[in-house]
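**Student:** Pulled the feature table from Swiss-Prot, pasting it below:
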- ARG46: O2 binding site (BINDING)
- HIS50, GLU56, HIS95: Fe cation binding site (BINDING)
- GLU56, ARG99, GLU109: substrate binding site (BINDING)
Amino acid sequence: MPFPLPLNFPKWLSENEHLLQPPVGNFCLFRTRDYTVMAVGGPNARSDYHYQPTEEFFYQYKGDMLLKVIDEDGKFQDIPIKQGEMFMLPAHTPHSPVRFANTVGIVVERTRPDGSPDAMRWYCPNKEAHGETPTLVKEVHFQCTDLGTQLKPIIDAWVNDEAGRQCSHCGYTQGARELPA
């Protein structure tokens, strides 16, 4: 069986950029037994932090993005990734990719081992109550097989559940798209 031809990404993007739609904005370019390669466009419309058991590789092809993470010390940290830059996110790092309008990146993820679920997490943005300490409001676990189809219903459920966005520690009700600063 012959190998598939290489993908001309600039050409693909010029013909398919309309496929990169919120809330996540991703489109699977390649999927193998071990890896998934996605094009991801902005703007996205997410307020979650994604937790996964594997590393994640970011290459920012067009424009800049901001990767919000919770670092090893349990503190919020912003990592700007500029056009042309690459970044390898360590496994088990909660992260929230903030993609701006007219931006495109490539993301490479490992296939998740069976029994190693991903999680979507939302943290309270009320700094008056919590300072810089991430305070979990909600967490949803799932066995990731296809981010393109699995994230949207989880995000939509968050958006449509105002009572579920209330912090049990301070009572603050988070906006549907509100991220901790």
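Each Cβ is built from the backbone N, Cα and C atoms, and glycine gets one as well.
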**Student:** What does DSSP call HIS95 (Fe cation binding site) in the simple three-state scheme?
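**Tutor:** Going by the DSSP assignment, HIS95 (Fe cation binding site) falls within a strand, counted as strand.
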**Student:** Report the nearest neighbour of ARG99 (substrate binding site) in space among the binding-site residues ARG46, HIS50, GLU56, comparing Cα positions.
**Tutor:** ARG46
**Student:** Under a criterion of Cβ-Cβ distance under 8 Å and sequence separation of at least 6, what residues of the same chain contact GLU109 (substrate binding site)?
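**Tutor:** Listed in sequence order, they are TYR35, THR36, MET38, GLN52, THR54, GLU55, GLU56, PHE57, LEU147.
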**Student:** If one measures from the C-alpha of the residue listed as 'O2 binding site' to the C-alpha of HIS95 (Fe cation binding site), what distance in angstrom results, rounded to a whole number?
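**Tutor:** Each residue's Cα considered, the residue listed as 'O2 binding site' and HIS95 (Fe cation binding site) end up 11 Å apart.
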**Student:** Are there any residues in the same chain, six or more apart in sequence, whose C-beta is under 8 angstroms from the C-beta of HIS50 (Fe cation binding site), and if so which?
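**Tutor:** In sequence order, PRO94, HIS95, SER96, PRO97, ASP118, ALA119, MET120, ARG121, LEU151 meet the Cβ cut-off.
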**Student:** Taking the centroid of the Cβ atoms of HIS50, GLU56, HIS95 as the Fe cation site, which other residues of that chain lie with their Cβ within 8 Å of it, listed in sequence order?
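**Tutor:** Same chain, not in HIS50, GLU56, HIS95, Cβ within 8 Å: TYR49, TYR51, GLN52, LEU67, VAL69, LEU89, THR93, PRO94, SER96, PRO97.
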**Student:** Taking the residues GLU56, ARG99, GLU109, which the record names as binding substrate, find the longest CA to CA distance and state it in Å to the nearest whole number.
**Tutor:** 18
**Student:** Sort out for me which one of ARG46, GLU56, HIS95, ARG99 has the most neighbouring CB atoms within 10 A, since those are the binding-site residues we care about.
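**Tutor:** Top count of Cβ atoms within 10 Å goes to ARG99.
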**Student:** Excluding GLU56, ARG99, GLU109, which residues of the same chain place their Cβ within 8 Å of the centroid of the Cβ atoms of the recorded substrate site?
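**Tutor:** Surrounding the site, in chain order, are ASN26, MET38, VAL40, HIS50, PHE57, PHE58, LEU89, HIS95, PRO97, GLY105, VAL107, VAL108.
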